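Visitor: For reference, the structure I am asking about is given below.
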Amino acid sequence: MKKATNKLMSFLAAFAMVLSVLVAPFTSANAADDETTDAPQTKATETESVTIHKILLTKEALDNHDKDKKYDGKEVDIKDFFDNDAKEIDGVYFKLQKLNDGVKEADIDVNNNAQWTDVSGKDGFTGSQDKDGNVVSKDDKETERVPGLKINTKGLKGTYRIVEDLTKSTYKGDKGELLANSKAVPTLLTLPITNDKGVVKEAHVYPKNTQEKPEIDKNFAADNDLKEEKAGETGSKAGANYDNYQKEKATVTADLGKSVPYEVKTKIKKDSHYKKLVWNDNMTKGLTYQKDLKVNGAGLTADDYFVTETDGGFTLVLKESGLTKVENAAKEKDVEIKLVYSAKINGKAVVDKPELNDIALDYANKKGHDSEPKEFTPGQKEITMKKSWDVTGDQTVTEADKGVTAYFTLQKKNDQGKWEDVETVEKTEKDNFEVKFSNLDENGTYRIVESVKGYEAEYMEYNKETGEIEIKDHKDTDNPEKLNPTEPKVQLGGRKFVKTNNEEKGSDKLERLVGAEFYVKNAQDQYLVAAKKDAKAVTDAKAALDDAVKAYNDLSAEDQKGDKGTEAKNLINDKQKKYNDAFVANATEYTWGAKDDANVVVLTSDAEGRFEIKGLEYKEGYKLEEKTAPKGYAKLQSDEEFEVKDGSYVSTADELQYNKDNADKGYGLQIKNKNVTIPQTGGIGSLIFVVAGLALMAVAFVAMKRRNSYEA
């Protein structure tokens, strides 16, 4: 029994030894796995350090590098991640900066220095530290320096950026080469840094030399003669200035038809080489582009670009030759391209609402799909434009896409070979759709021009058999967002009036008077004159209004109070509206001249005594001179002064309600007239009048008697 037990124990011992041999590799593997797993990273609660590695790439490697290639914030093999020729360099100065308080997330601009502040003690040169992150003295030849710049980020949370300053960098190549003059794009950091495993305890970043985006700004031309209403942050005389890119521009005020000069400056940085430079300008409906664009800079001529123009703006596209000129000029220094043009305030401008002129620069390192609109002869009275979106884009309809506004303008070439707008259609939908244009000249020459921000328009050929033409829009998500400076604003004003008898507001005896006519004058006693594109339409509408007023005045007092009077007043109101509409649609420009000018403006009060003037510059000293008084009332012997300012068109409840029955149209300045009937006042006044009359008669009688005696 004892012997059997010994044998069993020996067997178990042997089995245990064999088992230990078999299991050992697996336990070792598990232990190794435990050692290589980044346990601190998954358990870390903050990023304790960020090491910056400056990478030098050849131009080819930089162009070919996948900018969307992902890494998890940990250290990488430089040659595997970038290129076999990539290398890490020392002597490049970096500093850590924190985002200023109060900057909204949507407004963060990694290139806007004003948004960032240096973090004290978080700067230095790559290759200047030992393995523990301590700075090694220049005189220390013994201590080993490690690549990169390690920055202690313990206790730091929030949004930061890493900035390279080439003016402080000491790097010099084997043959004396220096880093490119254009600074590298700053690196944006959110601390702590995380990846799919959690917080990265010791992070690594790899900035490299890249091209910086262009700079652009737009404003009123510096030498303008516009009246400033609101200075904004720049004032109205600043001109285009890159520092004002996102600052609030000024608001000016001007009369209808005033020419407003603009300038746009674009800086292309040294050593830039773009394959696409496109400026797209869109104006709100109250501005008419004057098609007078001038382009200067980099030796550009008209052969180096094409311009597509409508009344609502333009698209300027540099051709291959223009891009080459810009690139060659940028080899020496920064290049500035300046655009100068103007717009006029038209009759569609809304009183007290700023009119905007928005420009955006589309730039990229690869060619776009921008093309010139195709000319065509329709061969029929009606054509169909087909629209398709996102031909090469992501095909995803975002919330921003749903709100995109596209303008499609049908143009016809006139006898002078210039394009004139025929009709503009506005669309705010992202889905594919069709637009029909009718009443075309079958043998005329037409084109359709699209204007939409964020897309490239590719124009297809017109199909004469089907009467269809297609425009394809491309959205390239790989290229940077367009640069869009803030816009200067233009605003005009107006004033409303109510013609009444000589009663005060609120009186039961207050009557609104029809048929009064007024001239408008400025402080220099000049009269308002309106140039019109269709003078006959305005003249005919005014004549119809005058006839309606005359018909009412010809009624007896009894008829004016009855159904005939009501019918006549309704006709006056209808003709007044048609006259106002014709005036707005055809008035192109205000000037100040003489009363006898054929186009002098005359305002007429309607059946509720209402009349108004729109399109005036904000200013004091305007006057109303009465041309014709209402029937039965005395003409005013002096002018009525008024002021036009922001809000004066709608006015306040201190004045008379514009509409008789409601305040839907705001309020107007009351203009009173006195009845021509001599009032029967009685009392001592009448007695004095009678006595004076008798005295005059007595004097006349005595004089007559003396005359007769002399003759005798």
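Cβ atoms here come from the backbone N, Cα and C positions, even for glycine.
OK, TrEMBL features for this one:
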{"type": "COMPBIAS", "residues": "129-144", "note": "compositional bias 'Basic and acidic residues'"}
{"type": "COMPBIAS", "residues": "222-232", "note": "compositional bias 'Basic and acidic residues'"}
{"type": "DOMAIN", "residues": "46-210", "note": "domain 'Gram-positive pilin subunit D1 N-terminal'"}
{"type": "DOMAIN", "residues": "256-366", "note": "domain 'Gram-positive pilin backbone subunit 2 Cna-B-like'"}
{"type": "DOMAIN", "residues": "397-520", "note": "domain 'Gram-positive pilin backbone subunit 3 Cna-B-like'"}
{"type": "DOMAIN", "residues": "672-707", "note": "domain 'Gram-positive cocci surface proteins LPxTG'"}
{"type": "SIGNAL", "residues": "1-31", "note": "signal peptide"}
{"type": "TRANSMEM", "residues": "683-704", "note": "transmembrane segment"}
Visitor: How do the residues of the domain 'Gram-positive pilin backbone subunit 2 Cna-B-like' (256-366) split into helix, strand and coil according to DSSP?
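Guide: Secondary-structure composition of the domain 'Gram-positive pilin backbone subunit 2 Cna-B-like' (256-366): 14 helix, 57 strand, 40 coil.
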Visitor: Using a Cβ-Cβ cut-off of under 8 Å, list the residues of the same chain that are 6+ residues beyond the ends of the compositional bias 'Basic and acidic residues' (222-232) and lie near it.
Guide: 238-239, 247-254, 258, 260-261, 263, 490-491, 617-619, 646
Visitor: Over the domain 'Gram-positive cocci surface proteins LPxTG' (672-707), what is the model's average pLDDT?
Guide: 55
Visitor: Of the residues in the compositional bias 'Basic and acidic residues' (129-144), how many are helix, strand and coil by DSSP?
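Guide: Looking at the compositional bias 'Basic and acidic residues' (129-144) with DSSP, the answer is 0 helix, 2 strand, 14 coil.
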Visitor: Using DSSP, what's the helix, strand and coil tally for the compositional bias 'Basic and acidic residues' (222-232)?
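Guide: Taking each residue of the compositional bias 'Basic and acidic residues' (222-232) in turn, the totals are 0 helix, 4 strand, 7 coil.
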